[in-house]
Each structure stands twice: as structure tokens, then as C-alpha cells.
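According to Swiss-Prot, the protein has these features:
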type	residues	note
BINDING	THR10, ARG80, GLU81, TYR132, ASP241	sn-glycerol 3-phosphate binding site
BINDING	THR10, LYS14, THR263, GLY306, GLY407, ASN411	ADP binding site
BINDING	THR10, SER11, THR263, GLY306, GLY407	ATP binding site
BINDING	ARG80, GLU81, TYR132, ASP241	glycerol binding site
Amino acid sequence: MYVLAIDQSTSGTKAIIFDEKGGIVHRVTVYHKQYYPKPGWVEHDPEEIFRNTLDACRKVIEESGIKPLEIEALAITNQRETTILWEKKSGKPVYNAVVWQCQRGASLCEEIKKRGLEGKIKEKTGLVVDPYFSASKIRWILDNVEGVKNKAKQGEIAFGTVDSWLIWKLTKGEVHATDFSNASRTLLLNIHELRWDEEVLEIFEIPPEILPELKSSDSVFGYTDLGFLPKKIPIVGVMGDSSAALFGQGGFYSGDIKVTYGTGSSTMLNIGEKPNVSDSPIVCSVGWVVKETSSYVLEGNIHSAGDTIVWLKEKLGIISDPSETEKIALSLENNGGVYLVPAFVGLGAPYWRSDVKAAILGLQRNHGKEHVVRAALESIAYQVRDIFEEMVRISSKEPTEVRADGGITRNRFLMQFQADILNIPVLVSNIEEVSARGVAFVALLHLGAFSDLEEIRQKITYREKYEPRMGDELREMYYEGWKTAIRKLLTE
């Protein structure tokens, strides 16, 4: 028994085959193009993403040597918030996918805030009014692509996050659905009642006719043969990437916390079966609905984590490969008072300031590129602590360890600095593809390979454990330097 998992991320699409114990058999990655039509705008081509998905699935099966008949289910995890609208009749997108990083909805969000509606929306959806989430992206497409608004009102247009788009295409238009974790990131879901909220839809002027059906992550979302399998298999195990990462790390219980380090970063705390919506900028979302039980999470997202390292390479040209940053950072005894605030598309949680620009502070004549590299790595850890402290304040939960995943967890400097700056141990996943493993676990649970969540948790092991070893005085000195840098930018 095998499960094929699709992990559709910001940079590319992975197809991964898991065995019945949740172990990786084989993986294939296909990257897609990034489009930046204007400063602060980011787009993907939905058709390219679907083609790449089919290519990755075909290749991973061929290269693995597994018989196609042995694959029992298809699971999907995806970049969240990214918004696609398409014609129901033709299945063709009306515009490119507007990516989660894209800031084009900023003016609409500001207008809604000025109308005094943010509190009401936060209470219902658990989210802050920000262009990061799907609602303002949907509205932009409706307002700016000719003819789409009228077609939407007539029920001819479908909206979906990437999971919905793939499910629609894989089922040849038979199923238009999403799961609650993805829906809760649109800024349109009432997280208390688990339904689309009519009042919020009216505020954003979004017709309900375009919305997908809501399903639990362990529902069967339809059937597909991917265009080449000898039989149709169920699509089961659908979850947004950050929720899937928490699930894949075994974060099933209240108080469990994980940090996913990707292009951006997601810090997510399981808070149990009831939402906790506060006036804090930390958002509350649906982690998942599995076995008819809802798990809610507090989440803080930062826009630039791995993306900051890519910037060092592609724009500054001071590294030729991201792996060099570890050695460069370790060559310094300290940070020299240099701080990089990577607000390339504004600041995410807990500040939510889309107007702030990136800056390097504290540079002096004796500083070199190594100080900038170290400051870039440190910025990731500081942003995670900003979120962590706010989560502890809201939830009154004191996590005793952090589960970490994502490509840059291989950077030993960053992981040790993260443990030091949080002052709790960091457990690093033994695989990078924890989001895919999360949805594979859901599919395997559905197929009967596991009896319950605890059995899954016992299967999870970690590659490394980083214990904090920095003194209290030094820790707080570093962190206060970061807070000072942030204050300067926020008050400019």
C-alpha cells in the first residue's frame, strides 16, 4: 500500500510516494516560474502548476519502480492564500494565480480598516485584514479583469486556493471543494461555525456563487486517474502546507508548536478544539478537521525567511549558494551590532505593516559581507521569537520544545541561534517534506494503515536536537538590538 502526495509550494511542485508506515519511497520536484509584474506583486501560472503536478506524479511513479496499481490514494498539501479564479465551463483561469506574498490588495484592506470593520472581521474569521489573505486578491481580480465580475455573479466563475484548483483539474471539473484549513486562510470563513460568512462576503463584495464546498481534511474529495493510472484512486488528505506540517510533526495536542522555515515562515501553536480570537495581531485558524474533530491553531507568518537568503544570492551577489551562509555566520564571534529587517514585502506577524520597507541597521566601516549574511540568518530567528512571545501571552501555554522543519533547518548556525534566542530546545525533523508527510498520514489513517493519531506520533523521529546554550544577558542584548531596529522602522 502506497500513498502519492502532492506538495504544491511557492517555488515548485513535489510528488512524493509514501509507504504504509509514512516513510518516503521516492520524490520528484518540478519548479515553476515566478512573475513579478510590478513592485510588491507576485504571480504564478495555474496551468503551468497543473502541468508540473502531472509531470511530477508521472516521473515519481516511473522512477520509484512501484506498480501504479499499488498506489491507493492521492493526498494534497499546498501553498495557502494564493488565489485562482477560473471559468467553470472551460476550466481556464481568468488571470494568473495571485500569490500569498502579493501586496496588490493593500489599498482595499486599508479602506476596510478605515471603515472600522477590522474588529468585526477578526472576530469572525480569526484573521487580520491584510493583503496576505485571499479576500482582497479575489476582489482585485473581480475588479480588474474584464467581464469576470458579471460572470461571477451569474455563477460562471469558480474561486479556489491551489488545492481547489488541482482537485477541480484532477477530477475533470466534477469537484469544486476545499478543506477547512485552506478555507480558514481566505479571510472569508467563519471559524466558529465553520461556514462561509455572508457578512464578510458582503464587505469584500465577493459573490458566494464562486466559493468551493467545505470538507474535512480526511474526506474523500473525489477520484482521479491522473490521466495515466490504471484505476481511479481517491483524493483524500487535503490540508494547507503549514497545518499539514504541524500534523506531519505529530503536533496533535494542545500546546504543541512547530516552525516551518520556507520562503516565508509559519509558527503554529495547537490550541485545541476551540478557537481563541483576541485583539492580538496573531491570527487564529483551523488547523484541520480530522475524525470529526476540529483542531484550532494560533499562527504567525513572516514574509521572508528562506527568501532573505535567496536575496543575498540573487540580488546582492554576496553568496553563490545558500549553504555557504552557515560557515560565513560562524566565522564571526558576534553580530557586530548589525541587524537586517527583511521587510521586502512589508512586515508580517506580529506587526502586519505592509508599508514598511527592508533595511540594514548598524553598519559601520569595519563591517563586511559576513555581517550582512549573519544578520540575514539572525533575522529569521528574531521574527520567530516575536511571534512566539505573543503566542505565549495570548494562550497562556508555555511550550517546552519547538518542532522545526523546512529546507533551511540544515543550517546549523540558524537552528542553534533559534534555540538560543527562544531559550528552549529545537527538534529538527528527519525529513524536509513534513507537509507532504502530514497529508500522507491523513490518507493512511483513512485507509486503515494507522488506528489513531497516537500511533502516528510514535512513528515520528528527529534528525537533531539543539539545546539552548547562550547566557541570559547575551540573549536579551541581541534581542533588544532587534527590537530597537524594528522600532526605528515602525516609527519612520
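Cβ atoms here come from the backbone N, Cα and C positions, even for glycine.
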Collapsed DSSP category at ARG80 (sn-glycerol 3-phosphate binding site): coil
Reduced DSSP assignment, THR10 (sn-glycerol 3-phosphate binding site): coil
Residues that sit under 8 angstroms from TYR132 (sn-glycerol 3-phosphate binding site) by C-beta distance, when 6+ apart in the chain: GLU81, TRP100, GLN101, ASN301, HIS303, GLY348
CB within-chain contacts under 8 A for LYS14 (ADP binding site), separation at least 6: ILE6, ASP7, GLN8, ARG27, VAL28, THR29, ALA56, GLU433, ALA436
Fewest other C-beta atoms within 10 angstroms, as judged across THR10, SER11, THR263, which are the binding-site residues: SER11
Secondary-structure category, per DSSP, in which ASP241 (sn-glycerol 3-phosphate binding site) falls: helix
Cα-nearest neighbour of SER11 (ATP binding site) within the listed binding-site residues, ASP241, THR263, GLY306, GLY407: THR263
Three-state secondary structure, which DSSP defines for ASN411 (ADP binding site): coil
Cα-Cα distance linking ARG80 (sn-glycerol 3-phosphate binding site) and GLY306 (ADP binding site), given in Å to the nearest integer: 17
Distance from GLY407 (ADP binding site) back to ARG80 (sn-glycerol 3-phosphate binding site), taken between C-alpha atoms, in Å: 18
